[in-house]
Amino acid sequence: SCTPSLHEFPTDLFTNKERTEGAVALHVLFAMYMFYALALVCDDYFVPSLEKICERLHLSEDVAGATFMAAGSSAPELFTSVIGVFITKGDVGVGTIVGSAVFNILCIIGVCGIFAGQAVHLSRWSLLRDSVYYTLSIAALIVFIYDEKVSWWESLTLVLMYFGYILIMKFNSNIVRFLERRKKNSSSLGNGTASNADLDDNCDATAVLLKKANLHRKQSVLMVDELLSAYPHQLSFSDAGMRIMITSHFSPRTRLTMASRMLITERQRLISTRPFTNGDSEVTVKVGGRRGLENGLGGPERGVNGHRGHHGEDDRGGVESGNETENENEDNENNENDEEEEEEEEGEGPFVPFHAPAGCCNKIKWLLAWPLCLLLFFTVPNCANPRWERWFMVSFVNSTLWIAGFSYVMVWMVTVIGFTLGIPDVIMGITFLAAGTSVPDCMASLIVARQGLGDMAVSNSIGSNVFDILIGLGLPWALQTLAINYGSYIQLNSKGLIFSVGLLLGSVFLTVLGVHLNGWKLDRRLGLLCLFMYSIFLCFSILIEYNIFTFVNLPTCRDR
């Protein structure tokens, strides 16, 4: 007896002999190109369409993050799992999700710790909230897969648990406010930005002044005059208005515009208070570009509170405003800034197949992605573009189809590689596929961590794991056992999965313990520890799947 999977896919162009003689390298390259294709579709088309859906449904940020954004970053894993259940009927889906879950926790936190360039403080509530729920999800998964088969009620339980997670996210800001009210006296400001607990609140991007006012209010909307009366000699009317317009009661675009206005006024204030010397008459100030503002608006907070005069010196595409004197009309400057911002946003979107971008590195990327760009340009409307804004549902459906297609080809290539090299599909899932599907998550978390928003980086990695386990595994299983073949069971081939999931549980516990012992901060030491634990996990998983400790895995069929 053996585990079949290769014959579920179309016949390969090469024979097994040709593959073993070197043609397998082409499969590896093609699989890596599929990883890139998935990252491209997710970032440029799928996520913008999800943002539009969230806007139309008027979802709060926490709920949007837990539902649609998690779906956006975990789409490749979900489709890999669907293919594992319905096509290969093997463990590649479970392997990928378990592997990418460990990769998300240990590898992403490790990379963020090493390359963030600063010690990033983490807030206890968000890490504990996600970890505890995640631990419950893994415990449920262990109970359900222990007998190597999954029934309809077990898969349905996983899906329902995810709705419980959405409910917790829905009331997240109320819980945070309650916890903060209890420890208000002892709380102090963190590392030069608003304390990390502030970033968790539903009114996350406001200045500390507004945060203080928030603690004493009962109603959900804070009026400008209330803020002015709370801080009579500190704020002008326009300042107070701008501070209110960067809270989450307003749309992301309004918040972005107001935050940039606040930066400009702050910069002008700095220029007007700075003594000019002869050699220093030309002052060039960089204001962080879109990347600096999009993630929780960490930059404006620093600028407003005066902890750091200029934010995002190293951000690419910063808006440069030089040689400007104090008596320039502020409105003109704001308008110019908005126009530049819009241009920059256009530059940030997907590559267009008909004109190459500026910069040598971008040109190489553009050439590599050209076939993909051409396909996507003609098949998926870019709803980030005002012209196609109303077509967001078409973008959503088409990009979902492309993700499904790319995932299918990716799993096919990986199955061929595994078959040729004699590697079980669970191991291919845990290692190669897991790393490939989680690289976009890793890059997103690293960008956020470099801006000092450690909570967002860690929540992104653990939050997408909760989605992976409860929806990534629960949904395909529920579809198979409830809709397609009612009352059937999902059979799992590898007994070693239970050990891998157990190791996953251990990795969560050790990560939280490491963060606690490290004083709730993410730094290089913690990063290296996480990467070390990831390598240990891989070694153990591979040894278990190769039947080193005990017999868990049937060999792969060698019929051709």
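For all residues, glycine too, the Cβ spot is worked out from N, Cα and C.
TrEMBL: automatically predicted annotations, no manual curation.
Quick caveat, the model's predicted, so the values are computed rather than measured.
Per TrEMBL, transmembrane segment is recorded for 23-42 (among others).
For 28-169 (among others), the entry in TrEMBL reads domain 'Sodium/calcium exchanger membrane region'.
Residues of the same chain lying 6 or more positions beyond the ends of the transmembrane segment (63-87) and with a Cβ under 8 Å from any Cβ of it are 8-9, 38, 42, 46-47, 50-51, 53-54, 93-97, 100, 165-166, 169-170, 400, 403-404, 406-408, 410-411, 429, 433, 436-438, 440-441, 444, 459-460, 463-464, 466-468, 471-473, 475-477, 479-480, 490. According to TrEMBL, the transmembrane segment annotation covers 63-87 (among others).
Per TrEMBL, the feature transmembrane segment maps to 93-115 (among others).
Annotated transmembrane segment per TrEMBL: 127-146 (among others), in sequence order. Residues 94, 154-155, 157-158, 161, 164-165, 168, 172, 455, 458-459, 462-463, 465-466, 469-470, 473, 492, 497-498, 501-502, 504-505, 508-509, 511-512, 515, 520 of the same chain lie 6 or more positions beyond the ends of the transmembrane segment (127-146) yet place their CB under 8 Å from a CB of it.
Within its own chain, the transmembrane segment (152-172) is flanked in space by residues 60, 62-63, 65-67, 129, 133, 136-137, 140-141, 144, 200, 202, 466-467, 469-471, 473-475, 477-478, 480-482, 486-488, 490, which lie at least six positions past its ends and keep a Cβ under 8 Å from the stretch. The transmembrane segment annotation in TrEMBL covers 152-172 (among others).
Per TrEMBL, the feature region 'Disordered' maps to 274-351.
The compositional bias 'Acidic residues' annotation in TrEMBL covers 323-348.
The annotation domain 'Sodium/calcium exchanger membrane region' is assigned in TrEMBL to 393-542 (among others).
Taken from TrEMBL, the feature transmembrane segment applies to 401-423 (among others). If one looks beyond the transmembrane segment (401-423) by at least 6 residues along the same chain, the residues whose Cβ comes under 8 Å of a Cβ in the stretch are 5-6, 9-10, 12, 16, 19-20, 24, 27-28, 30-31, 34-35, 37-38, 41-42, 45-46, 75-76, 79-80, 82-84, 87-88, 92, 375-376, 379-380, 429, 432-433, 436, 556.
Sequence-distant contacts of the transmembrane segment (430-449), counting only residues of its own chain at least 6 positions beyond either end whose CB sits under 8 Å from a CB of the stretch, comprise 31-32, 34-35, 38-39, 42-43, 73-74, 76-77, 80, 92, 95-96, 98-100, 102-104, 107-108, 111-112, 115-116, 120, 291, 295-296, 410-411, 414, 417, 456-458, 460-461, 464, 500, 522, 538, 541-542, 545. Residues annotated as transmembrane segment in TrEMBL: 430-449 (among others).
The transmembrane segment annotation in TrEMBL covers 469-490 (among others).
Cβ atoms under 8 Å from those of the transmembrane segment (497-519) belong to residues 91, 94-95, 98-99, 101-102, 105-106, 109, 122, 127-128, 131, 134-135, 138-139, 141-142, 145-146, 426, 430, 525-526, 529-530, 533-534, 537, 540-541, 544-545, 552 of the same chain, restricted to positions at least 6 beyond its ends. Under the heading transmembrane segment, TrEMBL lists 497-519 (among others).
The transmembrane segment annotation in TrEMBL covers 531-554 (among others). Proximity of distant same-chain residues to the transmembrane segment (531-554), defined by a Cβ-Cβ separation under 8 Å and at least 6 residues beyond the stretch ends, is recorded for 1-3, 99, 102-103, 106-107, 110-111, 114, 424, 426-427, 430-431, 493-496, 499-500, 503-504, 507, 510-511.
A Cβ distance under 8 Å defines the sequence-distant neighbours of the transmembrane segment (469-490), meaning residues of its chain 6+ beyond its ends; these are 71, 74, 77-78, 81-82, 84-86, 93-94, 97, 101, 134, 137-138, 141, 149-152, 154-159, 161-162, 165.
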